[in-house]
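Student: For reference, TrEMBL lists these features for the protein:
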{"type": "TRANSMEM", "residues": "C:6-23", "note": "transmembrane segment"}
{"type": "TRANSMEM", "residues": "C:30-49", "note": "transmembrane segment"}
{"type": "TRANSMEM", "residues": "C:69-95", "note": "transmembrane segment"}
{"type": "TRANSMEM", "residues": "C:107-126", "note": "transmembrane segment"}
{"type": "DOMAIN", "residues": "C:128-415", "note": "domain 'NADH:quinone oxidoreductase/Mrp antiporter transmembrane'"}
{"type": "TRANSMEM", "residues": "C:162-184", "note": "transmembrane segment"}
{"type": "TRANSMEM", "residues": "C:204-228", "note": "transmembrane segment"}
{"type": "TRANSMEM", "residues": "C:240-262", "note": "transmembrane segment"}
{"type": "TRANSMEM", "residues": "C:274-296", "note": "transmembrane segment"}
{"type": "TRANSMEM", "residues": "C:308-331", "note": "transmembrane segment"}
{"type": "TRANSMEM", "residues": "C:368-390", "note": "transmembrane segment"}
{"type": "TRANSMEM", "residues": "C:402-423", "note": "transmembrane segment"}
{"type": "TRANSMEM", "residues": "C:459-479", "note": "transmembrane segment"}
Amino acid sequence: MQLAVLMGFLLAASSPLLHRWFGQRTSLVLALFPAGLAAWLALQAPEVIENGSLLLAWQWVPSLGISLTFLLDGLSLLFGLLITVIGACVLVYAGGYLKDHPDLARFHIALVAFMVSMLGLVLADGLFTLFIFWELTSITSYLLIGFNHSDIEARKSARQGLFVTVAGGLALMAGLVLLGIASGSWSLAEILSADADLREHALYTPMLICLLLAAFTKSAQFPFHFWLPNAMAAPTPVSAYLHSATMVKAGIYLLARLHPELGGTALWVGILSVVGATTMLVGAFLAIHHTNIKKLLAYSTIMTLGTLTMLLGIGSEYAMTAFVTFLLAHSLYKGALFMVAGILDHETGTKDVTQMGGLRPVMPITATIALVAALSFAGVPPLLGFIGKELMLESVLGADRFQMLLVLFAFVAAILTIAVAFIVALRPFYGKRYQTPLEPHEAPLSMLVGPALLALGSLLLGLVPAMLGGDALLTSAATAVAGHTTEVTLSLWYGVNIALIMSMVSLGLGFWLFKRWDSVRGRLSILNPVMRRGPEAGYESMMNGIVHLSEWQTRLLQNGYMRNYILVMLITLIALIGNSILLRHSPQFAFDLDVRFHEAAVVGCMAMGALFATISRSRLGAVVSVGVMGFSIALIFILFSAPDLAITQLLVETLTVILLVLVLFRLPRFSNLSTSFERIRDGIVAATMGILICMLIMTSWSIQQFEPISTYMIENSVPLAHGLNIVNVILVDYRALDTLGEMFVLALAAIGVIAMLKLRHGEGLPSENGDGKNGEKRNAAITKEPYDG
Amino acid sequence: MDTVILIGQVIMSVALILAFVRVVRGPSLPDRVVALELFSTTVVGLVGVYAIKTGVASFLDAAIVIALMGFLAAIGFARFLERGGPRDD
Amino acid sequence: MRPEVALPVLLPLLSGAISLLFWRSRAMQRFLVVAGTIALFIVSLWLFISTLSEGYVTMQMGSWPAPFGITLIADLLSAVMVLMTAIIGLAMGIYSLATTGRGHEKFGYYPLMHLLLAGVMGAFLTGDIFNLYVWFEVMLVASFALLILGGERAQMEGAIKYVTLNLLASVIFLTAVGLLYGMVGTLNMADIALRMEAAEHTGMVEVLAIMFMVAFGIKAAAFPLFFWLPASYHTPPVAVSALFAGLLTKVGVYALFRVFTLMFDQTMGYLQDIMLWGAALTMVTGVLGAAAQYEFRRILSFHIVSQIGYMILGLALYTPLAIAGGVFAIVHNMVVKTNLFLISGITHRLQGTYQLKKMGGLYRERPWLAVGFFFSAFSLAGVPPLSGFFAKLVIVRAGLEAEAYVVTGIALAVGFMTLYSMVKIWNEVFWKSLPEDNHVPETATPSGDDGRLIRPSLWMMYLPVMLLAMGSLLIGVFAEPMMWVMTTISDQLLSPAGYIEAVLGASASIEGALLEPLPTGAEEAVREKTP
Amino acid sequence: MVKSGTIILNTAARLLMPLQLLFSVFLLLRGHDEPGGGFIAGLVAAGAFTLYLFAFGVSATKEVLRMVDPRDLIGVGLLLGMISVLPAWFMGQPFLTAQWWTIPIIDFKASTPLIFDVGVYFAVLGSVTGMVMSLMEVDKDEP
Amino acid sequence: MIDFIKGTLIISGALFMLLASVGLLRLPDLLTRMHATTKAATLGVILVMLAAAMHFAEVGIVARSFAIIVFILMTAPVAAHVMGRAGYFVGSKLWSGTVKDELRPNYDPLTHELKSGLETQQNAKRQPRETDPD
Amino acid sequence: MTGAIWNLLLGLAWVLLSGDFSGLNLLVGMVFGYITLILIEPQLDALKGYPARVPRFIGFIAFFLKELIQANLRVAFDIITPPWHMKPGVIAMPLSARTEMEITMVANMISLTPGTLSLDVSDDRKVLYIHAMFLDNEEELRRNLKEMEHRALELFR
Amino acid sequence: MEPLMALAIGLLYATAIFMMLRRSIVKLVIGLMLLSNAANLLIFTTAGMTRGAPPLIPEGMTQPLGEVADPLPQAVVLTAIVIAFGVLAFAVVLIRRAYEVVKADDLDKMKDTDT
Ligand code: NA
Ligand code: NA
């Protein structure tokens with residue numbers, strides 16, 4: 001299985017090649033892959049249902065606890081089947097939708113890669129493997145949303161989706177690491193089967209918050225929901241697949257997966273119920289607000305995601321049953337509806353529901369599919385959606401906490417949902433025929449197969465819930481989510497109870513709302529200013545804030561004033577050293593002054609030379625002064641037994657002065673550019689540094705307690721190295737490697753200088769005259785002139 | 001003898017200091033350069049005396065180098081002046 | 001006699017010297033750069049294999065026993081750094097063949113490149129603190145010269161800052177070496193480590209540690225010492241930028257790792273917090289600096305800074321896993337950051353600008369380039385399963401295990417900000433259509449009839465890019481062997497006895513190094529050598 | 001512009017340069033035993049060429065150097081330095097291990113450290129001369 | 001006896017150097033200062049080196065001492081000439097007590113031509129320089 | 001002068017070849033070099049007259065040292081005793097010396113002796129401009145200078 | 001002697017840093033010169049200073065007569081001096097070229113690459 005998943009990435013990568021071989025039929029060929037996987041999963045189902053779970057071990061990075069081991073239990077099986085089956089449908093559908101699109105091959109790369117990632121996500125046993133696939137779904141989703149990349153909206157939306165989900169991903173990483181640390185294992189199977197109760201662990205709260213953040217962003221919970229409608233910039237097959245059936249449910253999957261270990265605490269119940277319910281209501285409410293068919297569906301998806309979260313929050317056995325049922329039902333009808341929306345968009349050239357109508361005669365099959373799916377959506381019997389809604393309302397009514405709130409929210413949401421369902425499925429097909437940008441026809445077969453299959457699924461699973469082992473599968477899934485055996489028996493009829501009544505009432509009210517939609521929408525527009533201040537505005541201002549912060553920081557730190565850079569560096573150094581030597585320890589040194597007059601004079605000349613070089617108003621005065629300092633240093637070297645050094649210093653000093661003089665000729669005189677404040681400030685910094693250095697020298701010199709290694713060098717200079725000048729022996733023998741490096745340094749400096757002086761103004765660059773001969777000619781011409789001193 | 005050397009060193013040190021004073025006072029570049037020349041020549045003398053004092057003849061090598069190479073700086077400055085560099089700089 | 005530990009230094013020196021001698025012959029230089037870097041790669045691989053099997057490989061240069069002569073020593077960290085440098089060098093060698101102008105070739109581009117590599121190699125392999133200084137300078141002066149090659153105004157401005165601030169670092173380094181020698185009388189790092197343990201004045205030990213930290217911090221471009229980097233890295237020819245990005249700061253980081261695990265491990269208690277916050281601020285300021293930028297290479301430059309923060313964070317956490325993560329981050333970053341710069345060079349060649357706003361349309365035009373960028377950029381942002389993800393994961397895990405929650409949180413947030421910049425580049429350069437007003441200059445794009453680059457040299461630019469992008473993926477796929485290497489490295493680093501023994505021999509101890517007992521009394525405590 | 005070096009400077013340079021060069025060789029060869037060595041000698045030699053440059057200008061100095069560009073000197077120097085590293089390898093010793101040979105007829109002790117020092121000499125000479133020369137070279141073509 | 005000579009040489013050498021520096025400090029203009037430095041300092045070095053030669057009394061070291069003397073004698077006047085010339089031509093102020101300047105009229109500051117004044121058989125007139133315009 | 005250089009070169013070559021770097025050896029080398037130069041004088045124009053010049057050279061040094069000390073004492077006196085008695089000025093001295101080498105030697109001698117400092121040589125090399133410190137008696141000064149030139153030139157001719 | 005040197009070196013560091021903080025690039029370079037000299041002197045000083053005993057072994061002997069100055073810091077400083085010379089030469093020419101390009105001896109006019 002792992003191999004199959006990994007092969008999926010290769011398959012994705014080779015899709016351009018497949019396009020060369022199969023042309024337009026590539027989608028069908030590719031669809032065989034998820035179909036095959038689905039079949040394989042289906043074959044595993046009995047065993048999974050029998051044993052509860054199946055572990056397929058495969059190591060990857062054991063030292064980090066990263067494995068490619070797959071954990072196949074009811075939950076992952078349910079998700080896996082949804083992913084592969086809907087994936088196959090979507091691939092076939094996309095082949096029709098994007099027919100003749102030049103970038104179809106690239107689309108396939110991303111889509112197949114996404115499908116594989118998603119599959120990996122739900123199958124992963126390793127915490128980090130889960131994370132890896134999680135991130136991959138974000139990335140592939142980014143590529144898919146930005147498919148129409150020349151459109152700025154698509155780029156922006158893709159970026160937004162990526163940022164929100166990746167931000168959550170980072171929380172996920174932190175959460176998973178904390179989970180791993182707390183549980184002592186990096187394997188989900190082990191964590192789920194361990195005895196230790198993580199709810200008691202000190203890290204529980206931070207861990208949970210991180211994980212919830214991850215789940216909420218990925219599954220578009222309020223207030224992170226705004227990216228999902230924007231993601232509708234993606235081609236419709238993508239919306240159908242990622243943004244309704246699969247990816248957005250990854251967060252839900254995560255919550256469900258961890259529910260047995262982390263769920264049920266007050267924190268969990270509180271956050272999940274409230275956030276879920278709020279999301280549900282907000283999603284449903286916002287859906288009503290839009291006329292773009294895809295946005296309508298997107299908001300209704302948010303509503304569903306909220307519902308699922310809420311159910312996980314409630315956590316009762318009913319809720320678990322409702323959760324798995326609702327999940328399955330939603331994937332089926334919403335997938336179908338999105339594809340229908342795509343057909344409408346594809347055929348009519350518009351996405352605006354108010355601009356469509358009376359299309360049933362020209363596209364009867366589509367209309368039927370839409371009707372079936374919408375009825376399931378609306379929760380009309382005998383479709384699967386009805387069962388789901390029934391169970392949901394039941395759970396809400398049985399909730400331990402926030403019962404009233406949840407019921408109210410659920411009820412309102414149900415009404416709104418029904419209205420949305422009708423708007424999507426009835427409005428375009430019935431009533432007055434509108435003129436659309438394109439002349440509509442029935443969609444091609446490839447675009448009908450997928451939605452038809454899904455709609456059929458909704459219908460059949462509603463009518464005969466046990467068909468294809470539906471009950472068993474959902475039982476297994478619910479068991480996995482609940483953490484204990486939870487029997488699921490689906491039925492269209494649970495008797496007349498409050499849930500049924502609520503359901504029926506909402507149906508009526510929903511239909512009424514559908515009828516009065518246009519006027520309601522008009523009245524809702526007064527809320528627009530409020531909505532503009534929603535979470536999305538927060539996101540925008542955060543993004544702007546980053547840029548402003550960045551600009552501010554650059555002005556503050558990287559402002560181009562080098563003296564500020566130097567100041568910061570020095571103050572850092574001074575502060576650290578000062579703190580260490582003065583505050584944390586105390587400097588200890590003996591002040592033992594044994595000085596001859598001439599030595600003092602020379603040292604004085606040196607110091608005064610340096611001082612005068614800094615205060616001199618004349619550049620060359622400063623240079624001469626530096627020369628004096630250099631000669632004094634040479635003399636110090638002589639007075640303290642270093643003739644080689646003295647000679648080197650003298651020569652270097654002389655040559656430096658010559659270089660300076662050669663260069664200064666071109667430069668202007670000193671001018672006083674600093675303010676006196678700056679001079680005082682710099683003076684203080686400089687003086688502090690000087691005092692510290694002075695103290696350090698004294699300390700270092702005073703505390704010497706080891707035999708220097710040079711004793712050996714002195715002893716062996718003649719016997720082993722055959723040289724009388726020990727310094728030279730060190731340079732060319734003991735430490736010849738230093739000298740080797742040093743001569744290269746000098747050579748490099750020379751190369752640099754020569755290049756700097758002779759290679760200039762683009763001279764000799766390929767853009768000019770081929771190979772730089774012109775520079776040479778110029779110089780040659782000049783050297784012919786008499787030298788002018 | 002040591003006293004003599006000490007006196008010699010002191011005198012030459014004073015000479016060094018005086019030369020340095022001229023470097024500081026200038027006023028023009030040639031004045032400073034001449035002072036630098038004198039400074040380096042005095043260093044040669046000091047090195048000679050120091051060699052005598054310590055008995056280390058190797059120090060004289062440094063003196064040779066100054067005697068042979070020390071005037072290059074002055075030539076550099078002269079070139080600067082002759083090419084039109086400001087002399088009161 | 002283990003030549004493989006010295007050859008990575010000596011080979012580029014030799015090829016550099018020969019290349020310089022043949023400065024008149026372009027063909028010879030071009031031949032040498034390829035032959036030289038391939039040979040370098042081979043010996044580096046040899047060294048890597050040797051260290052893998054033996055742990056430490058040493059050579060006492062000139063046959064002088066340690067600590068008297070200079071020891072070259074490779075532990076696994078050195079060997080890995082050497083190998084990565086050789087890989088980068090090889091990539092750059094090929095890339096340079098296509099991008100280097102004749103003027104640059106004539107004025108020492110290739111010799112400078114050889115010698116830059118030599119300096120880097122020397123820094124990685126030397127076991128002597130002053131020798132380290134020398135190699136730093138070799139590397140630095142080579143980089144100075146490469147930086148100004150061409151002499152544009154921006155280059156000059158950048159170079160002044162680069163040169164000055166790096167010189168400041170060198171002087172701090174040198175000062176520390178001087179104080180160190182004054183205190184312990186040795187330059188061999190293993191010997192220093194031994195003597196430091198016995199040093200009486202812990203305050204001075206701490207001060208030295210701080211000075212090395214600041215000096216290497218400047219070289220590594222850590223907060224608040226990084227200013228030279230964003231000021232200069234975007235100014236030279238792109239191959240040079242890439243070379244710098246891959247190598248130079250990493251040498252500073254390497255030195256931090258080396259010094260603080262070997263010589264100053266006892267100061268970590270106090271300096272750890274400073275380093276930790278330094279690392280966090282490095283990450284944040286680096287990544288924030290990039291956010292407002294719209295120049296390809298400036299964005300990348302700021303991100304170098306931010307990534308350095310990750311590496312230093314690894315050191316600062318100072319747990320085995322953290323150090324492994326830090327080294328992982330170094331390796332990952334060398335591959336990826338170099339590659340991003342190389343890609344910026346190709347895009348510049350194609351569209352004649354580094355300004356994101358003026359670029360566009362390359363996703364459709366140059367799908368393979370897009371793939372290369374995509375992998376590298378998202379790897380930089382830590383997206384799995386690329387190399388950057390593992391580096392980040394290890395550090396985050398280590399951070400959380402060490403209960404450094406805030407800093408780890410910052411590290412995660414910085415990952416997000418990295419993605420922000422990378423997505424910006426991707427959106428602007430690859431997805432967006434080419435703006436109407438970008439008139440691709442003739443010189444930048446020797447163009448065919450359809451406006452595309454048709455020079456055969458383009459493959460020489462693509463080859464290293466694709467290989468490095470692949471490298472990032474492969475590091476991810478083979479994360480387990482990578483992690484094994486990294487853990488071995490961190491084991492070696494955290495138990496320096498092995499290193500010390502490899503350098504000084506099994507009998508190494510501090511007794512032999514101590515002076516005769518000093519007479520008691522305050523005045524006599526001062527060493528008096530003057531007659 | 002002032003005219004070129006004066007008669008006095010020129011003559012002095014003509015006298016002093018050979019003297020300085022000779023002295024530099026002297027310093028180079030005895031460096032192992034007395035103050036001196038490759039660096040010092042190289043710097044003295046570079047000083048000699050600098051003096052000549054000041055007196056006679058770039059083209060005349062180039063003539064003195066014949067076809068040898070300072071960069072060639074650098075290359076030769078570095079190469080000599082590298083060459084002195086290698087013989088030890090062939091003897092199975094670590095790099096840079098000193099090898100000593102006695103040249104029979106003149107009884108001269110040759111060694112890798114000496115070759116090394118000669119390499120340093122040329123590298124320093126070439127580098128410094130190259131820098132000064134190119135500085136003076138570009139100085140002329142500008143106002 | 002030898003010690004006495006050495007001592008005398010050293011002290012007098014040192015005194016000449018002091019003399020040079022006092023002259024440098026006290027004399028009024030560049031050229032007069034240069035008189036002090038070239039002559040007195042050179043002499044000082046010579047005397048000290050003679051002392052050194054006597055002190056070591058080894059041929060090799062004596063040769064070195066003489067080498068220093070020779071080198072100083074070769075370089076000092078050259079440096080003085082170059083500096084004096086440069087100083088004069090770029091307009092160092094001459095001391096107000098200067099009694100004669102035969103160079104000024106023969107020098108063209110624009111072309112930097114320096115005539116001998118013998119071309120027209122007419123010697124330059126005594127013409128102290130004006131104060132420096134700079 | 002070429003001869004002197006050659007002599008020195010030969011001396012150094014001797015030192016190098018014998019491998020004995022002592023000063024005594026150099027002196028020996030110089031002496032041998034001198035003898036060699038006497039032997040090959042007829043073959044090389046550049047060496048013309050060199051052997052004969054060496055004794056004259058030693059005599060000249062004595063003269064020169066005397067002048068040097070004299071001059072210094074006078075300058076010294078003037079420096080230490082203000083007010084200044086000096087009467088500085090720039091004079092033009094017509095040159096008898098013709099070759100560059102001669103002119104240089106003469107100019108340098110003048111720089112090192114009685115209160116005089118060579119400033120420059122005119123472009124046509126006919127006149128040496130000298131800064132003199134004591135122009136009390138210009139005629140005597142010019143005479144002294146001429147004598148100096150004459151003695152110096154003797155060495156070369 | 002070392003305490004006096006320590007004071008002088010401290011002063012050298014201070015002056016060097018003060019010069020490096022000026023706006024003029026010429027002053028900057030002079031600051032760099034002072035700084036490298038200061039560092040060299042520091043190495044020379046901290047190892048201890050010895051009068052009149054250079055690390056030279058007399059002809060024909062195998063060990064020096066009596067105690068000599070520590071040769072290692074001398075070798076290190078010599079290397080450092082030459083390196084500093086190379087770097088400074090580079091820096092000196094760099095400011096010349098920078099001035100040519102920017103036309104001002106003012107670091108404040110050289111901040112375009114940063115902002
Ligand atoms: Na240790
Ligand atoms: Na330690």
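Cβ atoms here come from the backbone N, Cα and C positions, even for glycine.
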Student: Three or more CB pairs closer than 8 Å, sequence separation of 6 or more: does that hold for the transmembrane segment (C:402-423) against the transmembrane segment (C:308-331)?
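Tutor: Stretch pair touches.
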Student: Are the transmembrane segment (C:107-126) and the transmembrane segment (C:240-262) close enough that 3 or more Cβ pairs fall under 8 Å, when only pairs 6 or more apart in sequence count?
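Tutor: Contact between the transmembrane segment (C:107-126) and the transmembrane segment (C:240-262): present, because at least 3 Cβ pairs are under 8 Å.
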Student: Please identify the stretch among C:30-49, C:69-95, C:107-126, C:308-331 with the greatest number of Cβ pairs below 8 Å relative to the transmembrane segment (C:6-23).
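Tutor: If we count Cβ pairs closer than 8 Å to the transmembrane segment (C:6-23), C:107-126 scores highest.
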Student: In the same chain, which residue numbers or ranges, 6 or more beyond the ends of the transmembrane segment (C:204-228), come under 8 angstroms Cβ to Cβ?
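Tutor: Contacts with the transmembrane segment (C:204-228): 136, 161-162, 164-166, 168-170, 172-173, 175-176, 179-180, 183, 196, 248-253, 255-256, 259-260, 263-264, 266-267, 270-271, 274-275, 278-279, 281-282, 284-286, 304-305, 308-309, 311-312.
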Student: Do the transmembrane segment (C:308-331) and the transmembrane segment (C:69-95) share at least 3 Cβ pairs closer than 8 Å, excluding pairs fewer than 6 residues apart in sequence?
Tutor: yes
Student: With the transmembrane segment (C:69-95) as the reference, which stretch in C:107-126, C:274-296, C:459-479 has the largest tally of C-beta pairs below 8 Å?
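Tutor: Ranked by Cβ pairs under 8 Å, first place goes to C:107-126.
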Student: Checking distant contacts: for the transmembrane segment (C:107-126), what same-chain residues at least six beyond its ends satisfy Cβ-Cβ under 8 A?
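Tutor: Residues packing against the transmembrane segment (C:107-126) from afar: 5-6, 8-9, 11-13, 15-17, 19-20, 23, 29-30, 32-33, 36-37, 40, 70-74, 78, 81-82, 85-86, 89, 92-93, 96, 100, 132, 134-140, 142-143, 145-146, 149, 243, 247-248, 251, 254-255.
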Student: Hey, which bits of the same chain come close to the transmembrane segment (C:459-479), Cβ under 8 Å, at least six residues off its ends?
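Tutor: For the transmembrane segment (C:459-479), the list is 87, 90-92, 94-95, 97-99, 331-332, 335-336, 338-339, 342-343, 345-346, 349, 368-369, 371-373, 375-376, 379, 384-390.
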